[in-house]
Amino acid sequence: MAPVRKGRACRARIVTVARPDSSRTSPDDRPLEGPVRTCVGCRTRAAKRELLRVTAGSDAHGRSVVVPDPDGTAPGRGAHLHPTTGCYDLAVRRKAFGRALRLTDGPGSAPVGEWVAAREHDDRSRSTSRSTSGSNDQDWSSSS
Ligand SMILES: [Zn+2]
């Protein structure tokens, strides 16, 4: 029996191919229609029309505050966010609004939070308002 030779392992030469960054030009995700923006909350790219644009404004005391811009018409720097409380909370926790809008003094973003909450509430009430049975039963009870 021939002794098993240990050692002398042939050293595989690891070849690392440095990839040029130009490969970024090819889209790796499925193409989205129209302009695409990144949500400042969950950092996911989405079609611009699915996101809420927010811009820097000022409140009644002159402090900078992040305000919703659903029409996307406000001038100046804007950031984009999924109109959900989840993404809003993420953005707040990451201080993403201030960073995206170049605001250094930690802007408030209550108007955006209220807008998102109202919209979510609106969506929910619209989807649950289908049940019409059992309402208005007492309308025609005589009141003589
Ligand atoms: Zn998001």
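Cβ coordinates come from backbone N, Cα and C, glycine included.
Note that the coordinates shown come from a computational prediction; the quantities given were computed from them, not determined experimentally.
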Q: Quick one: sort out which of 13-36, 61-84 is the region 'Disordered' according to TrEMBL.
A: 61-84
Q. Taking all residues of the domain 'YlxR' (37-102) together, what is their mean pLDDT?
A. 94
